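Engineer: Straight from Swiss-Prot, here's the annotation block:
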type	residues	note
LIPID	35	N-palmitoyl cysteine
BINDING	232, 235, 236	Ca(2+) binding site
DOMAIN	253-378	domain 'L,D-TPase catalytic'
BINDING	318, 331, 332, 356	substrate binding site
ACT_SITE	336	active site, proton donor/acceptor
SITE	354	site 'Binds to carbapenem drug (covalent)'
ACT_SITE	354	active site, nucleophile
């Protein structure tokens, strides 16, 4: 057993011994004054058989965070019981199946609190006993937890243990629309080492992002705790569970695609490690400028324009088998192998918006980038990748991002 636990247990033992010693000494003194005989100390009084008025003042008092018969008790906070003018001698709590609920007694013996989540729509019974100089107090109460009409589950990216790029935001996606965005944000705790200032921004009614003002520093450790269980998220929607994740920021990998040169240049920690010719979107379907975040990677994928609203049989439609595809936008932009356009790469833009590269370069890119790395596209005739694309977060100005849109 850890030394800390032993010390805490020893502390509680000393507190109880002190109270019990005081109880015995008081009982002896009261017996000696009242009887003046040698028959030994009088028995400790209990509430039902109180002795002197002085003892009435020292009867322990029990206070609970819930009331007997309560219905709709929230489950986002511990249930607790506290003793005054005495110490807790025994506390038990069980659910409607008789299963004990875990709890912890404070070192001073004055407070007991649950340490596990309570279930929705469950009935619980709490029994507590306290000892004081004036006797013992007991209390039993039964209550029922809330029964939400709707539940929503949060999902967090990056995954636990991942090493990601300097541009990776924290992403929390719910499986239902969130009416009270502010309540959701308050339930999310993000801790970084070293400390970094960041802010929330909602891409839509279900997904909120958190990022710093500038790209992460390599080596930064990030812990995310989404504590939405039991939290009212508006319009009868409550959190279904809590979720935690820990991830680390890896090397800085930034690729720049310049339409003036039609070259994709990859830098790792500021040093150029690879340059490759590319063919980007033709004038009728130009590649948008801006900062893209690397998402998923596929050794093989079927690209279908209908997945982002362009029918396959339309002039700009397509359905094509593609190898070594690295996603950089939710709107369908990839860095991928395009053997059919090798002759145009470095000279002419021929694609529907993707960054076409040779098969060997596409495989190299696939092998050397990771989720959260950055691709910046510059000098095209296109507009700017929308910040709410899903992988375009860094295109939203920091002042706008920091101001947030929880009330939108």
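These residue numbers are counts, starting from 1, taken along the chain as shown.
Cβ coordinates come from backbone N, Cα and C, glycine included.
Since the structure is predicted, the reported quantities are computational estimates derived from the model, not experimental observations.
Each of these features: where is it, how hidden is it, and who are its neighbours?
Structural biologist: Note: residue 236 (Ca(2+) binding site) has non-local neighbours 148, 149, 150, i.e. same-chain residues 6+ apart with C-beta under 8 A of its own C-beta.
Sequence-distant neighbours of residue 331 (substrate binding site) (same chain, six or more apart, CB under 8 Å from its CB) are 308, 385, 389, 390, listed in sequence order.
The secondary structure of residue 336 (active site, proton donor/acceptor), as reduced to three states from DSSP, is extended strand.
DSSP assigns residue 354 (site 'Binds to carbapenem drug (covalent)') to coil in the three-state reduction, outside any helix or strand. Sequence-distant contacts of residue 354 (site 'Binds to carbapenem drug (covalent)'), defined as residues of its own chain at least six apart whose C-beta falls under 8 angstroms from its C-beta, comprise 280, 281, 287, 303, 332, 333, 334, 335, 336, 338.
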Engineer: I want to verify one value. Collapsing DSSP to three states, which class is residue 232 (Ca(2+) binding site)?
Structural biologist: strand
Engineer: Report the mean pLDDT of the predicted model across the domain 'L,D-TPase catalytic' (253-378), rounded to a whole number.
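Structural biologist: Per the prediction, mean pLDDT sits at 97 for the domain 'L,D-TPase catalytic' (253-378).
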Engineer: Output the one of 235, 318, 356 that, of all these binding-site residues, has the highest number of other Cβ atoms within 10 Å of its Cβ.
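Structural biologist: Per the Cβ count, the most surrounded site is 356.
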Engineer: How do the residues of the domain 'L,D-TPase catalytic' (253-378) split into helix, strand and coil according to DSSP?
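Structural biologist: Result for the domain 'L,D-TPase catalytic' (253-378), in helix, strand, coil order: 17 helix, 56 strand, 53 coil.
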Engineer: Run through the Cβ atoms and count how many others sit within 10 Å of the one on residue 336 (active site, proton donor/acceptor).
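Structural biologist: There are 24 such Cβ atoms around residue 336 (active site, proton donor/acceptor).
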Engineer: For residue 332 (substrate binding site), list the number of other Cβ atoms lying within 10 Å of its Cβ atom.
Structural biologist: 17
